[in-house]
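Please read the structure below before turning to the comments.
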């Protein structure tokens with residue numbers, strides 16, 4: 001159950017297994033804000049039409065407290081958009097932390113609590129450049145020990161023998177609300193405890209670098225690396241010289257490859273005959289005919305196309321017809 005204060009935008013999230021526990025969770029929340037925040041009474045309570053909020057017991061308690069209960073129309077979550085949107089945002093943040101960390105999904109409640117804690121200590125533009133924590137306590141939150149969720153930690157173990165390890169490996173999954181400690185998850189034992197003396201191990205975390213390189217467009221086109229890049233001097237750049245008119249001139253004659261050199265006594269490779277001389281005034285250019293050459297890949301193709309019926313293929317008798325074949329049962 002997500003409880004959102006529309007004045008300070010503080011969020012408190014609670015979990016329960018049965019819907020009958022919703023009333024007791026609401027009573028605990030009401031007592032907490034009365035003592036800690038000085039709120040005498042909750043004037044309006046807005047919720048959807050789920051059974052835990054529309055039960056007779058819940059309605060009677062709100063009536064005794066003088067709280068007006070606003071119910072949204074079915075299939076109209078926009079009427080309670082702030083709470084609905086924040087609940088969806090918390091779920092997405094918790095899911096992102098679980099996917100990024102690779103920790104088991106049964107730790108989703110700790111991820112939700114940490115997402116809500118980050119919201120209360122950071123806020124957004126809705127809180128006018130302040131945080132919900134500052135709106136309630138009048139003090140800015142202390143984020144000196146803020147670490148990434150699931151960060152690996154080394155916890156000092158007490159009462160160790162001489163040849164036993166002094167530290168044990170765990171993962172940070174949140175801050176304790178009952179004491180000044182950290183909630184540590186132990187993968188080997190699949191349990192959680194609250195510890196104080198820890199050493200942060202940030203070597204497993206990838207550095208966040210969202211900045212693009214200065215010449216990222218040139219790198220994508222040329223494929224050069226940072227070391228192979230040559231800075232371009234745009235101010236003193238000179239355009240490359242194109243082809244000259246002499247290079248583009250064509251007199252209509254075909255280029256002739258030079259004849260290979262033949263030794264005087266070479267009888268195996270006689271010199272090729274010179275082509276017949278052509279008249280300079282002839283308007284028709286004679287080119288010796290070249291016999292068609294079948295591509296190499298055409299020799300291995302069958303006579304019929306691949307999609308023809310099998311009856312048209314050239315069938316060859318098997319050479320194993322006279323031999324006995326072994327059969328198994």
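Backbone N, Cα and C define each Cβ position, glycine as well.
TrEMBL annotations: computationally assigned, not manually curated.
Database features (TrEMBL):
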DOMAIN    1-140  domain 'Integrase catalytic'
REGION    252-281  region 'Disordered'
REGION    296-329  region 'Disordered'
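Under DSSP, residues within the domain 'Integrase catalytic' (1-140) fall into helix, strand and coil as 84 helix, 14 strand, 42 coil.
For the domain 'Integrase catalytic' (1-140), the predicted model reports an average pLDDT of 90.
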